[in-house]
Amino acid sequence: MTGPTVRRLDDWDRDPLQEIAETHGTPAYVIDLDRVRENLDRLQTAFPDARLLYAVKANAGRAVLQTLADAGVGAECASIGEVSRALEAGFDPADVQYTPVNAPARDLDGLLIDGGGTITITVDAMDTIDRLAERGFTGDIAIRIHPGTGAGHSDAVATGADAKFGIPVDRVPEAVAAATERGFDVVGLHAHAGSGILNDGLAAHQEVIETIASVATDLDTDLEFVDVGGGFGVPYRPDEEPLDLDAIATATREALSEVDAELRIEPGRYLVADAGVLLARVNTVKPAGDGVLAGVDAGMTDLLRPALYDAYHPIRSLSEDRAGERETVSVVGPICESTDVLARDRRLPKPERGELYALGFTGAYGIEMASQYNSRPRAPVIAMEDGATELVRRRETVEDVIDSEVDR
Ligand code: LLP
């Protein structure tokens, strides 16, 4: 079941979302595991020969991880915390690829404890090779290239252009030699263009893959895989077109035609973004300028993307239809920051206190980027599967927020 190329916010049935809000309160994240499977099917259809690793950073909830581990994909992890959650959810260590950036010492130490012998680590600096050797790491190594070109929904996520990530192309042979000298098997090359790539970012994405392809052909090393990262975008705005997966798959194959190694892709957002919504209820309505402010119980602590990237998330009223009464509404949260605006100047039904809203495309980088700022407990997660709903992560309490304080 590959499903539609995108599930827009209007495609969600209202009744189960209303029921979830009644039962579990708001704010609350909803994640539809059947939709995650559909997204996976479409990717696997477009990339039948590729090994797919799920980028855990997009949504590390156990229900999501178990769904994807059961489907037989691997996991791409950015920290030892993500590695631990992937292993706990059932991923086999051999299917885990750890791709840190400037790995903290505690992460590298933890990697050994958590069965690092079989995990592949993608090194992003010569220092990491030394630091792994010092710790007696015996697993395989991939080298992350800094391709110098990036793409994505904003400059903030055009990772490929940011020198923080990876080893410059001209230093890759030196890194391979250093790793080999220390007894490591260099089994792969890795590069990631950026995140949220839609059709207009295809050329930049292809350029990154061409760079990795030329490094792979120049190296005198047998590679098991070439990992071209994730970044497959999802059209959050109503006027954006879905990513042409066949086009990106063809471009990828063309760029790698001379490379004899398994293709790896590591999508995060594509698998989970449109499988999630965030439910929030209006608690305050007040006029502001030419429009109206609707104050809701979710804020930038639940969905950071609008404040951090000026990202657009669609919003819809789940209360009964009130045709003809649309107004210009900005939806704001309860956090003491001016940037705590979830949706700006949208045409919505005249807001009413108690009204239920759904924000779309929050399955990716929603709860993962949540915080307890203003001492706000994090919201619960409710999974939908096969027509049933289930609480899979409870609402945090204020006690949870206080709990790690030490008595003195
Ligand atoms: N692989 C690597 C090495 C990455 O750095 C990332 C994302 C991915 C895979 C997955 O990218 P995706 O397929 O999800 O686009 N917080 C930002 C996104 C940051 C992504 C960073 N790296 C946002 O909310 O848009």
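Yeah, the Cβs are placed from backbone N, Cα and C, and that goes for glycine too.
As annotated by TrEMBL, domain 'Orn/DAP/Arg decarboxylase 2 N-terminal' applies to 34-273.
Summarising the annotation, TrEMBL assigns N6-(pyridoxal phosphate)lysine to Lys57. Reduced to three states, the DSSP call for Lys57 (N6-(pyridoxal phosphate)lysine) is helix. Cβ environment of Lys57 (N6-(pyridoxal phosphate)lysine): Cys77, Ala78, Glu82, Gly268, Tyr365, Glu368 lie under 8 Å away, each six or more residues apart in the same chain.
With a cut-off of 8 Å between CB atoms and residues at least 6 apart in sequence, the same chain places Ala55, Ala58, Ser195, Gly196, Gly230, Gly231, Phe232, Gly233, Val234, Ala364, Tyr365 near Arg269 (pyridoxal 5'-phosphate binding site), listed in sequence order. Marked as pyridoxal 5'-phosphate binding site by TrEMBL: Gly231, Glu266, Pro267, Gly268, Arg269, Tyr365.
Reduced to three states, the DSSP call for Tyr365 (pyridoxal 5'-phosphate binding site) is coil. As annotated by TrEMBL, substrate binding site applies to Arg269, Arg305, Tyr309, Glu337, Tyr365.
A simple way to gauge crowding: the CB of Cys336 (active site, proton donor) has 9 other CB atoms within 10 angstroms, across all the protein chains here. The active site, proton donor annotation in TrEMBL covers Cys336.
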Within the same chain, and leaving aside Gly231, Glu266, Pro267, Gly268, Arg269, Tyr365, name every residue whose CB is within 8 angstroms of the centroid of the CB atoms belonging to the recorded pyridoxal 5'-phosphate site, in sequence order.
Ala55, Lys57, Ala58, Ser195, Gly230, Phe232, Tyr270, Leu271, Ala364
Secondary structure of Gly231 (pyridoxal 5'-phosphate binding site) (DSSP, helix/strand/coil)
coil
Between Arg305 (substrate binding site) and Pro267 (pyridoxal 5'-phosphate binding site), the C-alpha gap once rounded to whole angstrom
18
Of Pro267, Arg269, Cys336, Glu337, Tyr365, the recorded positions listed, which put a C-beta under 6 Å from ligand 1? Please answer none if none do.
Pro267, Arg269, Tyr365
